[in-house]
Amino acid sequence: MTDSWERGKGRRTQPPWSAPNTQAQPGLRLYNSLTRSKELFVPQDGNKVTWYCCGPTVYDASHMGHARSYISFDILRRVLRDYFKYDVFYCMNITDIDDKIIKRARQRHLFQQYRERNPRPSDLLQDVSAALTPFLQRISEANDPDKRQMLERIHGSVSAALLPLQDAVSSNARAEELERLSQELMEAAVDLLSDWLDEKHGAQITDNSIFSQLPKHWESEYHRDMEALNVLPPDVLTRVSEYVPEIVAFVQRIVDNGYGYVSNGSVYFSTAKFHASEKHYYAKLVPEAVGDQKALQEGEGDLSISADRLSEKQSPNDFALWKASKPGEPSWESPWGKGRPGWHIECSAMAGSILGESMDIHGGGFDLRFPHHDNELAQSEAYFDNDHWVRYFLHTGHLTIAGCKMSKSLKNFITIKDALQKNTARQLRLAFLMHAWKDTLDYSSNTMESAVQYEKFMNEFFLNVKDLLRAPTDVTGQFVKWEVPELELNSCFYSKKAAVHEALCDNIDTRTVMEEMRSLVSQCNSYIASRKAAKQPPNRLLLRSVSSYLTAMLKVFGAIEGEEVIGFPIGGSDNSMNLESTVMPYLQVLSQFREGVRQIARQHKVTEVLQLSDLLRDDVLPELGVRLEDHEGLPTVVKLVDRETLLKEKEEKRKAEEEKQRKKEEAARKKQQQEAAKLEKMKVSPSQMFQLETDKYSQFDESGFPTHDTEGKELSKGQSKKLRKLYEAQEKLHKEYLQMAQNGTTG
């Protein structure tokens, strides 16, 4: 044996390696509107991802419909960048030249001028009456029931303000009264007066600055809203007004390539010529919508669907690339005369200028698929002469309000600022994370309550882990032997991480991710409770790993800002970690001192000191954002929480106690009423109880027991048997009453 070992010394080599059995890792798949299915995501240029997102048309306040798209895309962008580690280059536009903007700017300008002229009450009445004629015509022609309802509501408000002013003018009321009623009518009639003034004088406006002031204001408000929602700013922001030369050149090349034609100073895209080309296909996203004139005209804009404009087209399916400006519209020089860009060409030219002939991702709301995005695709592929301007088209789902579409006519139009009055930006984001980004999201009290409870559930876990980690220990003391509970929790932890990764690969399924994270926290809570029940400390390192992972995931989703290692920031401050590390040692000393004082107060039964201790816990410290949790036989838990959250909890506790007291008093009142009713019933002698029911019985025996009904018929044996039971029960009650009266206990 020894000889064989000696002989083989020079020839020994390593044995073959046993390679592990590998399973293919899931790759990221995104739902691509171009195929209406989930496709493996493969960027065109290595790790770089080029992304264009349709931005807002800035003519009014941003609303929850905007939030649906921009929060959802912010989440997707962060996941690609911070989880999958792609190098994302994100471009977004601002539409500041548009029919809606032109019309709104003119109306606002003309109404402001009208208000400044301060028309006499009689002139105002005359003008409102004149404006009502076309307004009533609009109501009669309105096909959309929601729009019709809104117009009728405006008409009702105007009528309600019109009559008092008419009466005041007729009765020669005082000037102050006429002024007040005139202002009320002016406010009620702002919409129909603006329309009427625009129809009369809109064509006379020549100052282009009027059309830039409105979008500048609302763009600024939009950026404030996005910052408040913690939506990342784009890497590049393009404004239509800054890209007019590029748009003109873009249109010219489409014409040169044979897909555009000039008509009466405007330029239109020939959908027929484009679709006839072997290398092109019109309406890739929604081919079944081709020929939908309602959708096409909405895409052209309110100022571009007059009979003369529509007659300029070779086909009703064609759309404007460049619009010859009419009087009262802003204009720019072009080879075809003064005009302005069409809506669809704006995005094509700006995206092409920044991202080139092909991009990885284009994003927008679901309702933009046709005609806007289909027309964008056609224009850009006509310009670049390719068939792959966009590789992946992502569309966020609709947003409804408590099950209904959002509409001013339904009085459920909610701006982002309105929403932030009710919930925090984090709570709104959590609500979005708890729904699939491509599906309809219902913004309702139930939806938001679910998000609030999720936040509270996670926050309590983070606070409990922080408290455990603050328990004093030496360097080696933090490393303890793992028993079965730790091994099981760790196995669950890695299983949940794998499930989270799989869900993110599956079209960034944040809904499933949030549920897996909730389940992981539930497992941790059960583990902590079981260790405490066994008088054993939970494993600090394991819980720190779990909470750090959950915090990192919430950071990826944009639900946590700053450099927080574990949990949500305190008060939303980036300096929350410094705050916690600074004040917590002092709070721990205060907590220990308070606990010592309470023990002495209990021993000596000094209730005043115990009351002061409770006052410190319940009223004083919550005002400073500090929560103390007393546990019998265990050290007091100290938690730093947002002051607003603690005050809200305090208010909810107060309301709950008031409700409990109210129910207690209500129960006592009902009991008193029942006892009083019972006492009144006990007072009635059995010989009288049936004689009072003359609507049922007509004859009685000597004891007052009924023998015949109201028709004079003798009662059957069955009826008599039932009544005898009632008689005997009353006899017993009355006897009890007489005994109580004799004893003087009837109250």
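Note that Cβ sites are derived from N, Cα and C of the backbone, with glycine treated the same way.
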May I ask you to find which of Cys54, Cys91 Swiss-Prot records for the Zn(2+) site already listed with Cys347, His372, Glu376?
Cys54
May I ask you to find which of Gly55, Gly337, Gly339 Swiss-Prot records for the L-cysteine site already listed with Thr95, His372?
Gly55
Look at each of the binding-site residues, Cys54, Gly55, Thr95, and point out the one with the fewest other Cβ atoms around it within 10 Å.
Cys54
What's the number of neighbouring CB atoms sitting within 10 A of the CB on His372 (Zn(2+) binding site)?
21
How big is the gap, in Å, between the Cα of Thr95 (L-cysteine binding site) and that of Glu376 (Zn(2+) binding site), rounded to a whole number?
14
Neighbours of the L-cysteine site Gly55, Thr95, His372: Cβ within 8 Å of the Cβ centroid, same chain, sequence order.
Cys54, Pro56, Thr57, Asn93, Trp343, Glu346, Cys347, Gly364, Leu368
Helix, strand, coil residue numbers for the compositional bias 'Basic and acidic residues' (651-683) per DSSP?
33 helix, 0 strand, 0 coil
Which residues of the chain, 6 or more past the ends of the motif ''HIGH' region' (56-66), have a CB below 8 A from one of its CBs?
94-96, 98, 100-101, 104-105, 214-215, 218-219, 221-222, 225-226, 365, 399, 401, 406, 413-417, 419, 443
Reduced DSSP assignment, Gly55 (L-cysteine binding site):
coil
Beyond the site residues Cys54, Cys347, His372, Glu376: chain residues whose C-beta lies within 8 Å of the centroid, for Zn(2+):
Trp343, His344, Glu346, Ser348, His362, Gly364, Leu368, His373, Asn375
Can you tell me how the residues of the motif ''KIIK' region' (100-103) break down into helix, strand and coil by DSSP?
4 helix, 0 strand, 0 coil
